[in-house]
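Novice: Mind looking over this structure? Questions follow.
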Amino acid sequence: MFDWIHGNSRLPIALSIVELLVDMDCKGCEKKVRRAISKLDGVDTVEIDVDRQKVTVTGYVDREEVLKMVKRTGRTAEYWPFPYNGYYGDYYTYPSQHLEQSDQKIYQTISYSGKYDFYDVDDFQNTNNSTINGYYPSSSQKVQPNIDENALHLFSDDNAHACTIM
């Protein structure tokens, strides 16, 4: 583990937390994965949650070595694909909650007012202070298009003289 003391050029590995998503079905799978990870040098703790398919390894280990060792057990494994925030701990109990939360954030930042605003392409202004960067027309520059009233009623079902192609 501390080869750098004996003249090896490798730098020491810092204390790290490695989170993996591992396909485990039973206690036997859990035991096999725990035993394989425990054989690695520098592992302090191994926490396995079979319900969430999550393995958390704490210690002075390289995350690539941990992933390789878990894959050698025959289980499919990948890095935990959901965010970890140390302040909240395991904020997302299950992976599907992360997806639901991210969808809600998108819907909260993009609001729909219920009416369509018409504007000219040349009248955009740059607003970099919004949560979604892009070009938005200012409220004074919005223009209603010129649409003939007869053209709107041409294909109406209420009009007896309407186009009969449809």
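For all residues, glycine too, the Cβ spot is worked out from N, Cα and C.
Under the heading metal cation binding site, Swiss-Prot lists Cys26, Cys29. Here Swiss-Prot flags 15-78 as domain 'HMA'. What Swiss-Prot lists as S-farnesyl cysteine is Cys163. Marked as cysteine methyl ester by Swiss-Prot: Cys163.
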Novice: Based on DSSP, name the secondary structure state of Cys26 (metal cation binding site): helix, strand or coil.
Specialist: coil
Novice: Please identify, from the binding-site residues Cys26, Cys29, the residue with the sparsest Cβ neighbourhood, meaning fewest other Cβ atoms within 10 angstroms.
Specialist: Cys26
